[in-house]
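These come from Swiss-Prot:
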BINDING   2  Ni(2+) binding site
BINDING   73, 76, 110, 113  Zn(2+) binding site
């Protein structure tokens with residue numbers, strides 16, 4: 001389950017940051033989940049809560065934001081979103097993209113010109129977009 005590995009990496013990053021900043025407590029963490037990753041938000045949240053247990057981040061608010069997948073055709077310049085073509089993909093293909101987002105080029109093509117030569121503008125990956133900490137003596 002790669003969600004636990006993602007949660008572990010997020011937790012280690014949050015705790016490292018908090019330590020470097022001299023935090024007494026982590027109040028909140030905001031995590032952006034790229035739509036192409038199709039990450040199980042509930043699993044990541046549960047894993048983070050478990051991994052935060054016994055640390056200065058225990059009880060921190062965990063906020064998720066999904067970043068929609070956007071593509072740009074290198075052939076004709078057309079920009080489109082995954083949600084515009086997702087219904088045309090069968091479940092197996094969606095699962096393949098979930099586990100290996102790089103395969104998206106094999107399964108998608110520009111809805112305007114049909115080219116498979118496109119870039120992923122956004123919506124790939126997982127990253128921390130904010131960490132709210134508290135230092136001793138602050139509220």
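Glycine is no exception: its Cβ is also placed from the backbone N, Cα and C atoms.
Spatially close to residue 76 (Zn(2+) binding site) yet at least six residues away along the chain are 110, 112, 113, 115, judged by Cβ distances under 8 angstroms. Look at residue 113 (Zn(2+) binding site): DSSP puts it in coil.
If you draw a 10 Å sphere around the CB of residue 73 (Zn(2+) binding site), it holds 20 other CB atoms from the protein chains shown.
A gap of 30 Å separates the Cα atoms of residue 73 (Zn(2+) binding site) and the residue listed as 'Ni(2+) binding site'. Listed in chain order, the extra residues whose Cβ falls within 8 Å of the Cβ center of the Zn(2+) site residues 73, 76, 110, 113 are 74, 75, 77, 78, 111, 112, 114, 115, 118.
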